[in-house]
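Beneath this line is the structure, given in structure tokens, with notes to follow.
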Amino acid sequence: MLLLRRAVPLSAFWRLNDQAQLRENARLIMRPDDANVAGNVHGGTVLKMIEEAGAIISTRHCNSQNGERCVAALARVERTDFLSPMCIGEVAHVSAEITYTSKHSVEVQVNVMSENILTGTKKLTNKATLWYVPLSLKNVDKVLEVPPVVYSRQEQEEEGRKRYEAQKLERMETKWRNGDIVQPVLNPEPNTVSYSQSSLIHLVGPSDCTLHGFVHGGVTMKLMDEVAGIVAARHCKTNIVTASVDAINFHDKIRKGCVITISGRMTFTSNKSMEIEVLVDADPVVNNFVKRYRAASAFFTFVSLSPEGKSLPVPQLVPETEDEKKRFEEGKGRYLQMKAKRQGQAETQA
């Protein structure tokens, strides 16, 4: 069931009791083409569902007042943890809610639950926060203003503003990687970065795009997850699943007709997890005036599983070059930081 809830815009108090205006309902059962050979639903499939829910609710909200019509485009996805695997035959329930708006952006928080329809058992699989910007239908390069929302408490607005400023700063900090390119290496040794690195080249067609000619964020995220999964599988040669995604930043739109290259490389391994950096480059082959550019980037974390679904040790990565060693240490820092955060949360809940 796809359940979308939104905060109420200043001009729409009269809609408070009209629940049909506030919700969108659907059911989505997980099928074999949504999953890997072990029956676990691809992380990219889940990410695509999350993005679709966010795009619906944010586009609806941004068009809730009279004015220029627009479509909401994904700008960033905050860290997303895959709390529990989803399997073939289960039903995905997605709920989305607008939790903050700035002048030109919308924050949407999304929860995903899976339901075993034979037993009725439900479990939380994902929680995600996404940021959208409204683009004019007349000119998709023009960002419009977002209708404000009413907060039940002043603290909600203040907390939302802090999250907005933090993500804005982090998005700027990722742009230094825009010149980084994954280069192929002949006859690489096992367990090295070059051995497992992978690339996928995809021609952007109409089915990948919005009605206005640029790629759905969910389509890009699904392709990124597929490439990261190939890297992880090549490295450990076992069944692998997505464990988490560090922030996904969308640096620029990808238009219909572009050729995109999604490249993935291992950056860090712990005893039981692998961090993979994924870079998306767009090449407008039909436009000689626009050069190839970095469209999106993210870090994915995967774990290795036995046939019984139990966590397996991961072969340790062997960084060779100075750049690889530097990326390994940066990945280790992110891993330790997140580990400390999880331990702190566990102690607070105890």
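Each Cβ is built from the backbone N, Cα and C atoms, and glycine gets one as well.
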| note | In TrEMBL, of the candidate ranges 144-166, 328-350, the one given as region 'Disordered' runs 328-350
| message | With helix taken as DSSP H, G or I, strand as E or B and everything else coil, how many residues of the domain 'HotDog ACOT-type' (20-138) land in each class? | response | 26 helix, 53 strand, 40 coil
| task | Could you tally the C-beta atoms, other than its own, that fall within 10 angstroms of the C-beta of Asp225 (active site)? | result | 27
| For the region 'Disordered' (328-350), distant same-chain residues with Cβ under 8 A (at least six beyond the ends) | 244, 246, 267-268, 270, 273, 275, 299, 317, 319
| said: For the C-alpha pair, I'd like the distance in angstrom between Asp225 (active site) and Asn36 (active site), rounded off. | reply: 12
| field | the domain 'HotDog ACOT-type' (194-308), counted residue by residue under DSSP: helix, strand, coil | value | 26 helix, 54 strand, 35 coil
| CB within-chain contacts under 8 A for Asn36 (active site), separation at least 6 | His42, Gly229, Asn239, Ile240, Val241
